[in-house]
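A.B. asks: Pulled from Swiss-Prot, these are the listed features:
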| type | residues | note |
| --- | --- | --- |
| DOMAIN | 40-203 | domain 'Nudix hydrolase' |
| BINDING | Arg42, Ser62, Lys73, Asp109, Arg176, Arg193, Asp195 | P(1),P(5)-bis(5'-adenosyl) pentaphosphate binding site |
| BINDING | Arg42, Ser62, Lys73, Arg111, Arg153, Arg176, Arg193 | 1D-myo-inositol hexakisphosphate binding site |
| BINDING | Lys73, Glu93 | Mg(2+) 1 binding site |
| MOTIF | 74-95 | motif 'Nudix box' |
| BINDING | Glu89 | Mg(2+) 2 binding site |
| BINDING | Glu89 | Mg(2+) 3 binding site |
Amino acid sequence: MLENNGSVILMEPDHLRTAVNRSMTSREGRTKNRFNPITGARLAAGVVALSADKRKVLLVSSAKKHPSWVVPKGGWEADESVQQAALREGWEEGGLVGHITRSLGSFKDKRPTDTIDRRKKYLKQLMSKSSGNDVSTNTELGAEAEKLLLPPRAECEFFEVIVERLEDNYPEMRKRRRKWMSYQEAKEALTSRKDILAALEKSSIIKEEN
């Protein structure tokens, strides 16, 4: 249903209502993004969007790396709830309209960060907290230890969504492709994205093909 302000209200099974403004313009920039104050990781929200029979999941092509496949996800901004952010990303990147059935939890994108200063700050905080020593003066911290202590690039809260319909016109329709995939197809497509794959594994997608 629509409210007077144009927001779309979706009734979810737990009787929570999530208002989503389906604008035709994607949000850009990071001025409103949320960040973990300790790790510096960007806080994100995303959807594992399933077909009504739960046999397929909707993947979208990455805007930065082709022909890589991902699920709709992006920054959780300061003026919205995490559920609103997840559904907004589903709309902007995949043109999907649906309802949240449950939270899948928070998952860390542990691919190496390209922000060296953030890495050093995180390591310094960890070492100071654990031993009272400044990491910059601790000569025992080797390359392997540093690798293990790398801060996550992002921390994403994923939600399982049942897709009600896919719109032909949506904000990123010229930037991305979208494709329904079976569990096995999606598993192969997401081999380089362990965070997304872990969220898929926790979803209710049917894993056995008849």
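Keep in mind that glycine also has a Cβ here, set from the backbone N, Cα and C atoms.
The model shown is predicted, which means the values in this text are computed figures rather than measured ones.
Tell me about the surroundings of these features in the structure.
C.D. replies: Ser62 (P(1),P(5)-bis(5'-adenosyl) pentaphosphate binding site) has a Cβ environment of 16 other Cβ atoms inside 10 Å.
DSSP assigns Arg42 (P(1),P(5)-bis(5'-adenosyl) pentaphosphate binding site) to a strand segment in the three-state reduction.
Under DSSP, Glu93 (Mg(2+) 1 binding site) is assigned to a helix (H, G or I) in the three-state scheme.
There are 26 other Cβ atoms within 10 Å of the Cβ belonging to Glu89 (Mg(2+) 2 binding site).
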A.B. asks: Please compare the binding-site residues Arg42, Arg111, Arg193 by how many other CB atoms fall within 10 Å of each one's CB, and tell me which has the fewest.
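C.D. replies: Among the binding-site residues Arg42, Arg111, Arg193, the lowest count of other Cβ atoms within 10 Å belongs to Arg111.
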A.B. asks: In whole Å, note down how far the CA of Glu89 (Mg(2+) 2 binding site) lies from the CA of Arg111 (1D-myo-inositol hexakisphosphate binding site).
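C.D. replies: Checking the Cα atoms of Arg111 (1D-myo-inositol hexakisphosphate binding site) and Glu89 (Mg(2+) 2 binding site) gives a distance of 21 Å.
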A.B. asks: Cα-Cα separation of Lys73 (P(1),P(5)-bis(5'-adenosyl) pentaphosphate binding site) and Glu89 (Mg(2+) 2 binding site), in Å?
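C.D. replies: One finds 5 Å between the Cα atoms of these residues.
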A.B. asks: Near Arg176 (P(1),P(5)-bis(5'-adenosyl) pentaphosphate binding site), how many other Cβ atoms are within 10 Å of its Cβ?
C.D. replies: 21
A.B. asks: Round to a whole number and give the Cα-to-Cα distance in Å for the pair Arg153 (1D-myo-inositol hexakisphosphate binding site) and Ser62 (P(1),P(5)-bis(5'-adenosyl) pentaphosphate binding site).
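C.D. replies: Ser62 (P(1),P(5)-bis(5'-adenosyl) pentaphosphate binding site) has its Cα 16 Å from the Cα of Arg153 (1D-myo-inositol hexakisphosphate binding site).
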